[in-house]
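Student: According to TrEMBL, the feature region 'Disordered' maps to B:1-33. Under the heading compositional bias 'Basic and acidic residues', TrEMBL lists B:11-29. Taken from TrEMBL, the feature domain 'PurM-like N-terminal' covers B:67-185. Annotated Mg(2+) 3 binding site per TrEMBL: B:D69, B:D119, B:D263, in sequence order. Positions annotated as Mg(2+) 4 binding site by TrEMBL: B:D69, B:S83, B:D119. Annotation comment: TrEMBL describes B:T84, B:D85, B:D170 as Mg(2+) 1 binding site. Here TrEMBL flags B:D85, B:D119 as Mg(2+) 2 binding site. Summarising the annotation, TrEMBL assigns substrate binding site to B:D92, B:E317, B:W386. The ATP binding site annotation in TrEMBL covers B:G169, B:D170, B:R195, B:S265. The Mg(2+) 5 binding site annotation in TrEMBL covers B:D266.
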There are 2 protein chains.
Amino acid sequence: MVEGFEAVRPVAERTPRDEPPRSSADADRGGLTVDQLSETQLIARFAPHLRAHEPGGGSRYEILGPGDDCAVVAAPDGRFVISTDTQVQGQDFQLTWPNGVVSTGFDTGHKCATQNLADVAAMGAVPSSLVVSLTLPGRTSVRWVEDFARGLRAGAIACGAVHCGIVGGDLGRGGEISATATVTGDLEGRAPIRRNGARPGDLVALAGTVGRSAAGLDLLQDPSTKGTVEPHLVELMDNQLRPVSPTPLGAQLAEAGATAMIDVSDGLVRDLTRVAEASDVVVDLDPAALDDLARPLAAAGERLGRDPLYWVLHGGEDHGLLSTVPAGTRLPHGARPLGSVRAVPPGWGATVVVTTGTARESVADRVRVGTTPVRELPAELRGRGWDHFEPEDGV
Amino acid sequence: MVEGFEAVRPVAERTPRDEPPRSSADADRGGLTVDQLSETQLIARFAPHLRAHEPGGGSRYEILGPGDDCAVVAAPDGRFVISTDTQVQGQDFQLTWPNGVVSTGFDTGHKCATQNLADVAAMGAVPSSLVVSLTLPGRTSVRWVEDFARGLRAGAIACGAVHCGIVGGDLGRGGEISATATVTGDLEGRAPIRRNGARPGDLVALAGTVGRSAAGLDLLQDPSTKGTVEPHLVELMDNQLRPVSPTPLGAQLAEAGATAMIDVSDGLVRDLTRVAEASDVVVDLDPAALDDLARPLAAAGERLGRDPLYWVLHGGEDHGLLSTVPAGTRLPHGARPLGSVRAVPPGWGATVVVTTGTARESVADRVRVGTTPVRELPAELRGRGWDHFEPEDGV
């Protein structure tokens, strides 16, 4: 570790690589690239931005920050939660989108923070520490790396993870940009909120939002939106580039008695199906609540010729928190009712029920999606959320 | 998360990539590749191998294992240590070496475990949990991924991290194989052993070894060693492919009163210089002890025309533990004396002193390496350890 960041580095020979085409993260002519600095120098440019908001240097949980082989973090109740997640250039984020928008290092850092912190919140825990490992091609601009660090810090603040220290990390080389963050959290003495605790009679609540990031993604991927300045479309694209998860609501929902929780990363139906299956229940989504979520996406839907309900049902990456709570629970500000939980009827499996169509109240219009076959759901609303490896033409 | 592994995955479009040449991790014709499986199916193939040695399912520290947004790990003394590290194909490991040796998934997983666990041990802590994020090109063989999981588990066992649970992870796609592990550890009520605690009069101790991995690396990179079956050379190559860090010695050295500790990842002189600088002391390495470490490398040195002392001084990746202990400390089995600590003489800076040459006892032959200029050290022994970004022609 050099100046606070780990440098556990093998002696492997640097072999020449086939370099991919230039990207927006590459330094402009004359700009400083990471391979012009030593690891020590690069870390000296990177690390200060991670701690910029902490005049005292350190979070409530940080006992020993960067500078040794490990950081030391407090776990006041004798436990901690932990999760890890990676973003890879070209897979999980585009440096330049088909409509010409450029993802900055700031965007990538911000999103890296959000998607990791949401996992801690979904357990009902408070984020306590974050470590990050960043892999960089040698020609990456140093500015991009500094922006990443600022974005990571800003993302944590935007998500309300104000006590979370960024306590260490690792910088290394590779052929493509890749960022892995690991987050830990403090349960503050509460039981962790799992996926398997939803009970018949519970209400389903959503903290944060769904569908906005997916709408933003489709806008970014449509060349016809090039140069758009319409504020509501720009906002949706920003939501894809820099999503914000309301992490304090995770602990608040846990305190309110949440029986199950998950963050929506792969899509509302897909992630809620995981809760239904783990809990062995049926979840009915409330059509009016879905409409409320779809309505602000109407203009984007018209622009792209898409039913906005599709984004609500299947879009991930807003990193809202889906929870189930006992009926009658007073929801914290920022959470809204989204449906209800019932026992699995005879002949059914655990599933999520989406009611749609004109005869919304009719049982006949109910369709099941998830592990049971899709029936009657209009073709334009069928989807399955995100799976990294699922064959395109299968399933 | 699907079946215990996190699937926080964006909805980014899968863009065609320029595929690099086939590698030894690619499936043979007809072999199953990761893009033929869904993420759920791939995780079902991956996860069981991580827990194969734990009939009870879980380690001493595991409160909640894979299957939710986070795992929950015990931190009995109200703190934990944490560190993260990444290995990238072609940078940190070669899938096929110049001498024809093939690194398996097992090797890569094993090394990933070792280099992370060593960081926990170097704080004087006992490894408590590990999470891993694996990025894979679509054509990677499923067998390689299963082997990685087995290697990760086997590496933890080989390092003596018997109470460490592999509690979660993430599988995703990318253009090159990349593995990031994050480890946590339990200080068992002790103070963390930092780099800045070495005091004049202390002894320097090494647990484990140095130089063997570097010798193995040079053998792997020399085409003339193709097909070698000489046991001592094969052993050295194995040491590079699957290094073993004696992690229980970290806690034992802490209990014995260690004042500073670091794991040797970037080279003995480079890592010990970090301790010297953090502690503001001079460290004298004992020439006889260095010779003892170099002697078993003599045959490899002859084979490659290299002074084996070079590997001892500058080779990393054995992940031995360097510590300083008060004079008179009884070292635990597995640790050996390597030198001593003194105050910085007037006109010097904190540094590591390597004595070499025929007149070994002569102060005049002493040379300083590290942040102060190399003087008098024979050219064949000059080195600087590993820096991922350091310009090739600089410094």
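Glycine is treated like the rest: Cβ placed from N, Cα and C.
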Student: In the structure shown, with every protein chain counted, which of the binding-site residues B:D69, B:D119, B:D263, B:E317 has the densest set of Cβ atoms within 10 angstroms of its Cβ?
Tutor: B:D119
Student: Of the binding-site residues listed here (B:S83, B:D119, B:E317), which is spatially closest to B:G169 (ATP binding site) when Cα positions are compared?
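Tutor: With Cα distances computed to B:G169 (ATP binding site), the winner among B:S83, B:D119, B:E317 is B:S83.
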Student: Just give me the nearest neighbour of B:D170 (Mg(2+) 1 binding site) among the binding-site residues B:S83, B:D92, B:E317, Cα to Cα.
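Tutor: Going through B:S83, B:D92, B:E317 one by one, the closest to B:D170 (Mg(2+) 1 binding site) is B:S83.
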Student: Per DSSP, how many helix, strand and coil residues does the domain 'PurM-like N-terminal' (B:67-185) have?
Tutor: 34 helix, 48 strand, 37 coil
Student: Taking Cα atoms as reference points, rank the binding-site residues B:D69, B:D85, B:D92, B:D266, B:E317 by distance from B:R195 (ATP binding site) and give the first.
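Tutor: Of all the candidates listed, B:D266 is nearest in space.
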Student: Quick one: pull the CA-CA distance for B:D263 (Mg(2+) 3 binding site) versus B:D92 (substrate binding site), whole Å only.
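Tutor: About 17 Å separates the two Cα atoms.
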Student: Do you know offhand how many angstrom separate B:D92 (substrate binding site) and B:D119 (Mg(2+) 3 binding site) by C-alpha?
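Tutor: Cα-Cα distance, B:D92 (substrate binding site) to B:D119 (Mg(2+) 3 binding site): 17 Å.
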Student: Please classify the secondary structure at B:D263 (Mg(2+) 3 binding site) using three-state DSSP.
Tutor: strand
Student: Average pLDDT across the domain 'PurM-like N-terminal' (B:67-185)?
Tutor: 94
Student: For the C-alpha pair, I'd like the distance in angstrom between B:S265 (ATP binding site) and B:S83 (Mg(2+) 4 binding site), rounded off.
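Tutor: So the Cα of B:S83 (Mg(2+) 4 binding site) lies 14 Å away from that of B:S265 (ATP binding site).
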Student: Which of the three DSSP-derived classes (helix, strand, coil) applies to B:E317 (substrate binding site)?
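Tutor: The residue in question, B:E317 (substrate binding site), is coil (DSSP, three-state).
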